[in-house]
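Annotated features in TrEMBL:
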type	residues	note
DOMAIN	358-420	domain 'CBS'
DOMAIN	480-538	domain 'CBS'
TRANSMEM	45-70	transmembrane segment
TRANSMEM	91-111	transmembrane segment
TRANSMEM	195-213	transmembrane segment
TRANSMEM	220-245	transmembrane segment
TRANSMEM	265-290	transmembrane segment
TRANSMEM	297-314	transmembrane segment
Amino acid sequence: MCRAPQQISEKVRQKCKNSRQLTLSRIFKQKIQGRKIATGININLLLFIPTIIIGIIGGILGAFFTFFKLKMARMRKRIFFKLPKPIMAKIIHCIEPIICMVIISTVYMYVPDSFGCTHFTCLTKDGNTTYGCYNDTRADPEAEPNVIRYKCNKGSMNKIGTIWYTNGTYNEVATLLHLAGEDAVKNLFSRNTHLNFGFASLTCVLFLHFFFVSWASGTAVACGILVPAVFIGGLYGRLVGITLVNILKSFGSKDPHYWNWTDPGVFALIGAASFFGGVTRLTMAVTIIMIEITNDVQFIIPIMLSILIAKWIGDYFTHPIYHATLELKCIPFLRAEPHLVIASKRLNAELYTALDVMASPVVTVYPKQSVYKAAKILLNTTHSGFPVAKKKTMLSKSKHFYGLITRTELYVLLMKEEVFFTKEDIDNESETEGKSLKHVTYNEISNEKLCKAFEVERRLQKYVDDPKYKDLYIDLYPFINDSAISIPTKFSLYRAFLIFRTMGLRHLVVVDEFNCIRGIITRKDLMDFKLLESISKVVFNGKKEGKVLAKRISDDSWDINAMWDTSILDSEIADMNDIVA
């Protein structure tokens, strides 16, 4: 590494320029106690080869982490479903973190006993190994490294020149497991500590931490995966760095240019970024996070490369962990764009219309709705919203779209009998279109909270069973969302998908050229598996192949590997069907 205390001499400049190594040198200045120190940092182009390898490992491990966590979550759901009482599920939710903590603490406490004590070892810039020294950084040599001795001998220290020598020892596994997360990560990221950790200790901790983090992160504890993910990535990144150091040592290289960039701490940083990116698939966000917490701006290109490769590899196997968790909970989370693949061919959503995917016929309500019919609709359906239809004439059968009202709003209105009206009140109104039959104050219909579910169901059943409610009505005019969005039947499926997603809609009504209600699109109609089911019928034009394909999709009978690119939700539905059966 080309270095000078105050300024770079012409001789040093020429030496760097004529170097046979393909290095990228950068000079920066730091202020330490009023003095300026110019330090050259070399990044060899060969650094990108192990970076690519680390990115591939990060993508594979990130996908496996997501897969394993989902399997653990499904196992919990099966166990909770088989419990005879709901209170037992709540008790297990509370007990599981305690069991997890006891097991992890016990294992982490006694695993270091399986590993012996390690002498302090340094790798000098010329590639030689120096035993018994703390470090060879020649910067603040009196700083004792942050290690855990566990049951090892502390020994004595002796200073020779700028290097501290000692006959003391420490435990590598205890240093990784017994320190707090931040300190353990600092140990992995530390520079010029090539031989602080060996293959055996790093591999053991990697397997243990990978398993326990994937288990603990799914328990009923408010915890994140940022620090654990960085720690796991740092472990295998440092393993790659140590492997590279051993390869260079086997070639007998003593060129200091190699030892400027083959630092296991650098590869630990790149590995941490790759695993975090392989789990979350957040490319720019992860890059910024890693640069901000380490301030290693000079390694931004290798970090970005490892994250991108990890994302590509991870996307080939699974969804990101947050996307997969939403699907596991059956929360309809939409992609950025519709994804249609049938028979290994990508279909253009612009070629299909809203008519191809809408749900029909639609359950509608009228602005002046019978209490009996409204209660019956709520009891017989589970829809969260209902289009409001109007008739041009009393004898007309066509339903013209007027607006939208939600299930919750109907619940609130039906719980207040003082807002009910009789048919005579409607007949006595000279002009009722768009106007309320009676002025209703806010206090008359407001609720601090909705009644309990069983109370609501009891009241609705009462309205259905009692004949008098057939002649009572509720006026929905003041509560209708008359600015609800609607689209024509020939509207592009691709654009309908974008409108639905970007505007955060729950319902999208489909109308014909006369503004008559033809269908409705909800979020589940735009999910991947539902789109494939609907479009396959259109692609095969009602042929036998299309019906068979649609049935296979709806029955979730595909092989899990074939469905993996489509949606993890399919396998979750299949699992739940097995449980119910």
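Cβ atoms here come from the backbone N, Cα and C positions, even for glycine.
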Surrounding residues of the transmembrane segment (265-290) on its own chain - C-beta under 8 Å, 6+ positions past either end: 47, 50-51, 54-55, 57-63, 65-66, 185, 188-193, 225-226, 229-238, 240-241, 244, 296, 299-300, 302-304, 306-311, 313-315, 320-322
Proximity verdict for the transmembrane segment (297-314) and the transmembrane segment (45-70), three or more C-beta pairs under 8 Å: yes
DSSP residue counts for the domain 'CBS' (480-538), split into helix, strand and coil: 25 helix, 17 strand, 17 coil
Stretch-averaged pLDDT - the domain 'CBS' (480-538): 92
